[in-house]
Amino acid sequence: MIRSNSIFLLSSIILFLPLGSVYTKDFNALCSTCRQLVDKFDKGLEKTAKQNFGGGNTEWEERKLSKYELSEIRLTEILEGLCDSSSFECNHMLEENEEHFETWWFKRKTKHPDLFKWFCIETIKVCCPKGLFGLDCNTCIGGADKPCHGNGKCDGDGTRSGNGKCSCDKGYEGEFCLDCSDGYFSALRNDTFSLCKECHESCDGCTGGTNQDCKECRNGWEKDPEGACIAAGFSLEPTFTECFCPINLRTSPSGEPSPCHLCNSHLTVGRHPKRYFYRRSYRRRGVCKVHLQLLTAEWRFNHKFSNKRIKAHFRK
């Protein structure tokens with residue numbers, strides 16, 4: 001008896017609960033389904049254009065085509081091809097809203113040629129225009145034309161879901177996606193626009209894009225007398241002709257090619273001697289001769305090495 005009363009009470013509570021408390025519409029999924037329906041409808045329009053005509057009698061074809069173009073037969077052919085039999089969401093939405101398609105086809109198409117806008121946004125209201133979000137289609141941060149100021153994605157953009165918060169792209173952060181994240185610096189900024197660029201690989205924080213703009217050097221790099229971050233453990237004599245490499249060290253801390261990475265513990269030249277070195281290496285310990293003319297201008301600009309705190313640039 002007690003069990004029966006409990007079941008009855010629970011059933012009564014569920015019966016009188018508001019629908020929204022036990023079922024919440026997934027507007028993101030509904031908008032996606034609606035968009036797919038409209039896309040399929042547009043393809044159906046293309047497929048049925050001038051269908052079954054081409055017999056040679058142009059005047060007769062044009063007369064018949066004008067009737068078929070706006071006919072219920074054509075609409076039925078298009079609707080029948082909108083959903084796969086296995087797609088429950090698509091078939092359910094079509095079944096629930098078939099009358100809306102008929103209304104648009106016969107009464108609204110001329111005045112409202114954009115089916116997606118008329119059907120998905122204005123009629124069944126499962127989508128919003130681009131740059132808007134939520135049940136009331138509120139404007140995304142940064143405006144509808146450039147949500148998140150062009151540096152991120154607005155949550156719920158184009159749907160009746162979401163909270164409008166920005167998910168910033170790589171290199172950007174903050175509520176408005178106008179701030180630069182760690183490892184990036186501000187190249188240009190105003191109230192509505194921000195351009196962040198990546199710091200030089202040697203920097204741990206920076207104010208510009210070169211190794212002279214580092215706030216601090218990353219592990220494996222050190223500052224030279226003028227404050228530029230250079231790779232630790234390598235040096236170039238002031239004569240700009242000899243590169244001193246630690247024994248058994250074949251690559252720079254950053255993993256990129258350097259004048260030393262082709263020198264091994266036997267003082268032999270690596271696989272690509274013509275790119276960085278003369279073929280003959282010095283026989284003295286840990287020394288090989290650098291072919292400076294073959295170093296790229298970009299490499300010479302981005303890297304500096306020192307020997308006993310003496311700054312040395314690569315030069316032609």
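Just so it is clear, glycine is given a Cβ too, placed from its N, Cα and C backbone atoms.
Annotated signal peptide per TrEMBL: 1-24, in sequence order.
Per TrEMBL, domain 'EGF-like' is recorded for 136-178. A mean pLDDT of 96 is what the model gives for the domain 'EGF-like' (136-178).
Feature annotation from TrEMBL assigns disulfide bond to CYS168-CYS177. The Cβ of CYS177 (disulfide bond) lies under 8 Å from the Cβ of ILE141, GLY142, CYS148, HIS149, ASN151, GLY152, CYS166, CYS168, ASP169, SER194, each of which sits 6+ residues away along the same chain.
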### Task
Report the DSSP secondary-structure composition of the domain 'EGF-like' (136-178) as helix, strand and coil residue counts.
4 helix, 11 strand, 28 coil
### Query
When a 10 Å sphere is centred on the Cβ of CYS168 (disulfide bond), how many other Cβ atoms does it contain?
20
